[in-house]
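Here is the structure we will look at, set down as structure tokens.
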Amino acid sequence: MSTDNTSTLKSYVDSATGAVQNAVGSLIGSNGDQIEGQAKKDKAQAEYDASHATAKLPGFTASSSGAITKDHPDRNAGSYNQTAGAAKEFVGGVLGNESLKQSGREQNLQGQEQEAKGQINDYVSGAADRAAGTLGSGLAGLTGDRVKQAEYQNQHDTGKTQQRGAEHDIVKQAEAKQ
């Protein structure tokens, strides 16, 4: 579990604070405020980057918080079906076998749908765990239950990692289609 607790929302707030301080410094002619404001904006960018830092491995995602999540089984099976379908389609095209080519095309499309279902499942499940972890951690903090607060923070971190892994793959696929 991370003790840093980087967050996208915190990075936005810090960036806005830095921008305001920089602008005020500019208006009143205070180089110190301008420099301090820019430093806050730079720190906010680092927080944002850390909040989104993930390592996507086949079947798994690891994040800067230390959480590791396994991809939904449909993501891996869908990816396999896409690869197998594309191979069938290619071999069918080379051999002039329209039936094999069509079968490969269908398997590829089914694999794309299957992988998308797994990505959606991981994204939604991750978002739910993030929300529940955030709420639970806040409530446990109010009651002073540090053990429960740590458990909920772990749930948040795991959900965030799962969500970021799905986002990574979705963005990668969208970029490949461009």
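Every residue, even glycine, has its Cβ placed from backbone N, Cα and C.
The feature compositional bias 'Basic and acidic residues' is assigned by TrEMBL to 38-50 (among others).
Within the same chain, residues 77-93 sit at least 6 positions outside the compositional bias 'Polar residues' (99-113) and bring their C-beta atoms closer than 8 Å to a C-beta of that stretch. The feature compositional bias 'Polar residues' is assigned by TrEMBL to 99-113 (among others).
Residues or ranges marked as compositional bias 'Polar residues' in TrEMBL: 151-164 (among others).
For the compositional bias 'Basic and acidic residues' (165-178), the residues of the chain that approach it from at least six positions outside its boundaries are 54, 56, 60-61, 69, 71, 75, 119-120, 122-123, 126, judged by C-beta separation under 8 angstroms. Annotated compositional bias 'Basic and acidic residues' per TrEMBL: 165-178 (among others), in sequence order.
Secondary structure of the domain 'CsbD-like' (74-125) per DSSP (helix as H, G, I; strand as E, B; remaining residues coil): 50 helix, 0 strand, 2 coil. TrEMBL lists 74-125 with the feature domain 'CsbD-like'.
The region 'Disordered' feature in TrEMBL is assigned to 30-84 (among others).
TrEMBL lists 97-122 (among others) with the feature region 'Disordered'.
Taken through DSSP, the region 'Disordered' (146-178) splits into 32 helix, 0 strand, 1 coil. Annotated region 'Disordered' per TrEMBL: 146-178 (among others), in sequence order.
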Remark   = Lying 6 or more residues past either end of the compositional bias 'Polar residues' (151-164) yet within Cβ distance under 8 Å of it, the residues of that chain are 1-2, 5, 52, 54, 61-63, 65-69, 122-123, 125-137, 140
